[in-house]
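Going by Swiss-Prot, these are the annotated features:
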{"type": "DOMAIN", "residues": "13-255", "note": "domain 'ABC transporter'"}
{"type": "BINDING", "residues": "45, 46, 47, 48, 49, 50, 51, 52", "note": "ATP binding site"}
């Protein structure tokens, strides 16, 4: 039985008896959790523990894996996203994702950010599209660095700038949730600090769920933390409490470095 504390406020995302199989291998076992609106929730645990699998359930990226099978319920604002009637394109507009390695499109910086709003019809004309692009880059802390380089390719930027461009691209379609799967693992310490500062600035405007192998990063950026082990949610609670007084022996062992 997972140890999960309660929190004040409403849930943006709720999982109930969520199970995931890849072929014959079960990756998640009866996961039950709630993710509060407008906060940063970190998911930690050893490699292969299921945290990224859970993250991919939130925007149904597992639909793209032929052998994946998902059962149970996963709610976004009370609506089960596993329902066959769910519009997955609209879901992924509401739930943006930033991947482990920066993956800018082979297009200009401008087009990287403009692509999503144009696809979803979010801009009435060129002027409004410009406003969305500039606002998104500004929110991602990148506008000042690229405002004179908008015609250059996204791949011409540094690794840290590319990752912030990907965050701007996610922001541009006005998501409610931003998923981040190890967003700093390929970045140097300076670029990592910039992304972490950005996450803190985005908190409140978005519900953010971040998977990280770095417990130090989880402690710095999140308000709540969930610990996964062998496909099971072991413990979830306020980040400060999790790191100072974990309640489950497995959580304590992982945090103190006895395994992982």
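Quick reminder: no glycine exception, Cβ is built from N, Cα and C everywhere.
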Non-site residues, in chain order, whose CB comes within 8 A of the mean position of the CB atoms of 45, 46, 47, 48, 49, 50, 51, 52 at ATP: 53, 228, 229
Packing count at residue 52 (ATP binding site) (other Cβ atoms within 10 Å of its Cβ): 20
Per-region confidence, the domain 'ABC transporter' (13-255) (mean pLDDT, whole number): 95
